[in-house]
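Annotated N6-acetyllysine per Swiss-Prot: Lys5, Lys115, Lys156, Lys450, in sequence order. Per Swiss-Prot, the feature N6-(pyridoxal phosphate)lysine maps to Lys270.
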Amino acid sequence: MENFKHLPEPFRIRVIEPVKRTTRAYREEAIIKSGMNPFLLDSEDVFIDLLTDSGTGAVTQSMQAAMMRGDEAYSGSRSYYALAESVKNIFGYQYTIPTHQGRGAEQIYIPVLIKKREQEKGLDRSKMVAFSNYFFDTTQGHSQINGCTVRNVYIKEAFDTGVRYDFKGNFDLEGLERGIEEVGPNNVPYIVATITSNSAGGQPVSLANLKAMYSIAKKYDIPVVMDSARFAENAYFIKQREAEYKDWTIEQITRETYKYADMLAMSAKKDAMVPMGGLLCMKDDSFFDVYTECRTLCVVQEGFPTYGGLEGGAMERLAVGLYDGMNLDWLAYRIAQVQYLVDGLEEIGVVCQQAGGHAAFVDAGKLLPHIPADQFPAQALACELYKVAGIRAVEIGSFLLGRDPKTGKQLPCPAELLRLTIPRATYTQTHMDFIIEAFKHVKENASNIKGLTFTYEPKVLRHFTAKLKEV
């Protein structure tokens with residue numbers, strides 16, 4: 001099989017979920033009722049759901065079997081200790097707090113790190129800025145809710161869809177250090193390393209870049225949090241593209257990666273393959289005070305620290321899923337599936353970001369050049385794709401980025417992308433071919449697609465619940 005051009009899915013399908021086919025008229029009515037926001041569509045009205053890979057994929061048989069071991073004790077559950085042991089073995093982190101999902105971890109650690117910086121370094125809350133290679137939307141939202149400005153420092157190649165570059169998710173190291181000096185190191189409560197960089201197109205971060213970033217952070221005594229939703233995909237790209245690690249296992253690369261952070265926050269619904277779950281973990285005793293404070297907040301916001309909003313069976317499933325998500329054959333198939341979709345789209349003239357780990361990212365700005373950024377071309381494209389084929393995708397652009405919380409002005413976005421997110425072990429190559437064919441029809445009518453404007457705009461994380469209409 002080593003010389004075959006295409007390999008089939010490395011799994012057998014045992015349980016299926018029927019989906020219904022709808023008419024164009026039905027879909028047009030549904031998208032209008034949703035306020036031109038695919039997030040607000042009913043799932044039963046979606047034929048292929050590419051909204052997210054977060055908790056929407058299949059689980060392995062070993063994960064499902066592990067649920068039967070669940071200890072549902074309110075405190076001291078043995079299922080918690082199984083999960084904590086997996087974290088120690090995989091990441092080398094000593095302290096584990098389970099959460100219901102990634103944003104549960106964010107709402108705990110962000111205020112704790114801000115308070116710690118204020119008490120120990122005299123942080124000025126009116127001047128504080130957190131840095132990242134690119135903040136995920138909820139991380140940005142929780143930072144802003146806590147009064148912290150966020151600044152993304154990414155390399156110039158990151159959003160140029162005409163450029164191929166191995167590690168488009170990398171930090172701009174000079175920009176990072178320059179930014180720290182500009183705002184004052186004591187006013188930087190944390191740095192977040194997002195692997196892979198979702199908003200840049202699921203693009204990986206190299207180990208060399210993470211090492212250099214961590215060195216800068218240590219120079220200024222700034223804590224680093226690894227946003228770890230797609231840690232296994234990032235490790236796979238390092239193995240494929242960073243020569244020094246080509247003979248390392250995914251497990252070895254993962255362990256090495258986490259030397260270059262102090263904490264990890266994870267939506268386990270991605271690479272750990274679970275329908276629900278998250279993690280907040282600290283590396284060693286140097287962050288025991290943060291761990292203690294976060295445990296206290298966990299009780300109030302998530303649940304007792306040995307379950308954190310998860311039932312025992314879910315913790316057992318997560319303890320196994322962390323391992324199953326690192327399977328090399330599985331990762332090779334998953335990355336190849338994304339590449340197949342990107343190649344097919346580009347063959348019909350649809351410009352995409354280079355293939356990343358979890359999704360194809362269509363350059364909506366180039367497909368719909370007549371729609372200005374403030375009329376959200378990628379959101380308009382998402383609505384058209386649903387009308388044409390019942391495919392639900394998600395905008396990653398100006399609509400998602402939102403407004404400056406201080407000025408109320410739209411933040412400038414480096415690219416207007418439509419994310420076609422592939423749930424794990426859910427769709428086959430035939431589905432990918434259908435998506436490509438759908439874009440042929442969309443492309444034929446591209447010049448007639450209209451921009452969008454708000455009828456309802458929430459102040460925080462607007463893309464989830466906003467409503468729009470055609471201009």
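Backbone N, Cα and C atoms are what each Cβ position is placed from, and that goes for glycine too.
On the structure: features taken from Swiss-Prot.
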residue	record	contacts (Cβ under 8 Å, 6+ apart)
Lys115	N6-acetyllysine	Glu293
Lys156	N6-acetyllysine	Asp172
Lys270	N6-(pyridoxal phosphate)lysine	Asp53, Ser54, Ala229, Arg230, His358
Lys450	N6-acetyllysine	Ile371, Ala380, Glu470, Val471
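In the three-state DSSP scheme, Lys115 (N6-acetyllysine) falls into the helix class.
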